[in-house]
């Protein structure tokens, strides 16, 4: 399968485009980045071009399928929580805690060799999720409720990302003895926050438009933004240039150059499971702790 795919994209992508991308990568990411050449070009220039184009087309189709989802979702959530807001001391405390965690990440990345390159690690999903949660929790006026719950709903769908980071942490580049503790606190908060939010506020269940929306947003961000950023910086941001270290039991396809498209359905399935499980647990918590629900109404 991989050999057939290589022959196909080698045929359709003009050599001049691949040569330009190769020369650009060699003069940017390969020059000042922190990746060896075999990892940096784990996917050939022609494959990068093909995956970029295919991803954009794929996302355009999904965007068309979910057109108007965001505005409709915000309107629905605003009506569901009419008169409510996210204003609460607990939310502020969580936001400030995440700010500290993010500031620590900036410090540790900036204190490494090649700091301007290393700061590119802040583009990893969990750091972006941290910024999104801070944004959601700090915008606490009633007219912010719908948009805040919409963003939180997406973070519920993607909660498997911090769970994966906690399950398989990469501490190989830590310089300070306390970095591991900060990592555990940071990602532990990111893991529990969706459950906390679902138990207190309104979130979106899954339907076809929702599924298309969360898929195209994450796919476009990874293939059309993070992959070019990784090539420019010379960083394997969110494993867009080369796959992570995998066990021998992992399917062969996720160890080949086609690992990125092969993982898309896996990530979609994880988002479906995350939405169902987190929202179910949230409803159970609401029923068990009625006093907690009364507290949320007073906040």
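Cβ coordinates are placed from backbone N, Cα and C, and glycine is handled just like the others.
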According to TrEMBL, which of these ranges is transmembrane segment: 40-62, 63-85?
-> 40-62
Any contact, the transmembrane segment (211-237) to the transmembrane segment (149-167), with at least 3 Cβ pairs under 8 A | yes
Residues of the same chain, at least six outside the transmembrane segment (93-110), with any C-beta under 8 angstroms of its C-beta?
-> 118-119, 121-122, 127, 130-131, 133-134, 137-138, 174-176, 179, 182, 185-186, 189, 193, 196
Same chain, outside the transmembrane segment (149-167) by at least 6, Cβ under 8 Å from its Cβ: which residues?
-> 70, 73-74, 77, 81, 125-126, 129, 132-133, 135-136, 184, 187-188, 190-191, 193-194, 197-198, 201-204, 214, 217-218, 267, 270-271, 273-275, 278-279
